[in-house]
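Chemist: Dumping what Swiss-Prot says about this protein:
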type	residues	note
DOMAIN	101-160	domain 'KID'
DOMAIN	299-357	domain 'bZIP'
MOD_RES	S116	phosphoserine
MOD_RES	S142	phosphoserine
MOD_RES	S284	phosphoserine
MOD_RES	S287	phosphoserine
MOD_RES	S290	phosphoserine
REGION	300-325	region 'Basic motif'
REGION	327-348	region 'Leucine-zipper'
Amino acid sequence: MSKCGRKKYMRTNVRQMTMETVESQQDRSVTHSVAEHSSAHMQTGQISVPTLAQVSVAGSGTGRGSPAVTLVQLPSGQTVQVQGVIQTPHPSVIQSPQIQTVQVATIAETDDSADSEVIDSHKRREILSRRPSYRKILNELSSDVPGIPKIEEEKSEEEGTPPNIATMAVPTSIYQTSTGQYIAIAQGGTIQISNPGSDGVQGLQALTMTNSGAPPPGATIVQYAAQSADGTQQFFVPGSQVVVQDEETDLAPSHMAAATGDMPTYQIRAPTTALPQGVVMAASPGSLHSPQQLAEEATRKRELRLMKNREAAKECRRRKKEYVKCLESRVAVLEVQNKKLIEELETLKDICSPKTD
């Protein structure tokens, strides 16, 4: 075997030895260094290498980024430190975000909590039902005043209707006067009144409210069909208070209706014209206006405004005409004066002209 062949054989053996060692220690940088060191040693004259070199890898541990150091033991017994050129990869600087695990635990409500909520709701309803209503407070306040009739509080639906009263369609508003009469006001404006002896609202009598164009604005005609023992009747109309009195009795201060809440007071006067029997005119302060009356009032105001505007326009035109006439007269006077001055000037010229000659 020639010298070149031996060198190639030694190089291949050393390369195989170094590659097996580096693969076991995860360092690929040792192969090139060992091969170069072995080739340099073969060039010195050592031809036969009967045994393989022992390679041991030791980490430097000096810190991050420092190359690894490999200890190579040659067959002659010498130990050589070989430093790897290829550096080990650094760990990633980017840190993965910390994921927090949240556990959601649902606590099922027990039957005891549901029962306690039901009991609380019942107690709350009882407390609200025990509160006095505004009708009860109004009756307590008006009990000392004899002129104010008491308003009975409407019974709840739970109490039910008495067995001796037949079920019927009751109007929206039911009132009871101080004489014990029931007064019902339907949605259409019909007033119904019942005597104290009748059962409940079965003996209601129909009363009609009509508006007439003959009375002054704000007056309301109330027609009733029945009378009480003393010849007078009292009932309430929603939004106002009306006291109806017979023609034969005189009007006394006690017959004045007392206002309760936001209900204004009205004074009843005996009719001065020939009205039918049982018809009384109630003079209101202007709060009882039907939609037709409101429309008529708006039309009347509009016509009055237009009439005032027409009168103002006529007056303005008249003043302008007078001013123009005054100016024309002044112009005429000035023209006459101008003519006179011209004539005087001519006469003066005639008088002065011979002297100049």
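Glycine residues also receive a Cβ, built from the backbone N, Cα and C atoms like all the rest.
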Chemist: Within 10 Å of the Cβ of S290 (phosphoserine), how many other Cβ atoms can be counted across all chains shown?
Modeler: 11
Chemist: In three-state terms from DSSP, label S116 (phosphoserine) for me.
Modeler: helix
Chemist: What Cα-Cα separation, expressed in whole Å, is found between S116 (phosphoserine) and S290 (phosphoserine)?
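Modeler: Just about 55 Å between their Cα atoms.
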Chemist: Find the average pLDDT over the domain 'bZIP' (299-357) in the predicted model and report it.
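Modeler: The answer is 92, the mean pLDDT of the model over that range.
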Chemist: Please count the residues of the region 'Leucine-zipper' (327-348) that DSSP assigns to helix (H, G, I), strand (E, B) and coil.
Modeler: 22 helix, 0 strand, 0 coil
Chemist: Using DSSP, tally how many residues of the region 'Basic motif' (300-325) sit in helix, strand and coil.
Modeler: 26 helix, 0 strand, 0 coil
Chemist: Suppose we draw a 10 Å sphere around the Cβ of S116 (phosphoserine). How many other Cβ atoms does it contain, all chains included?
Modeler: 11
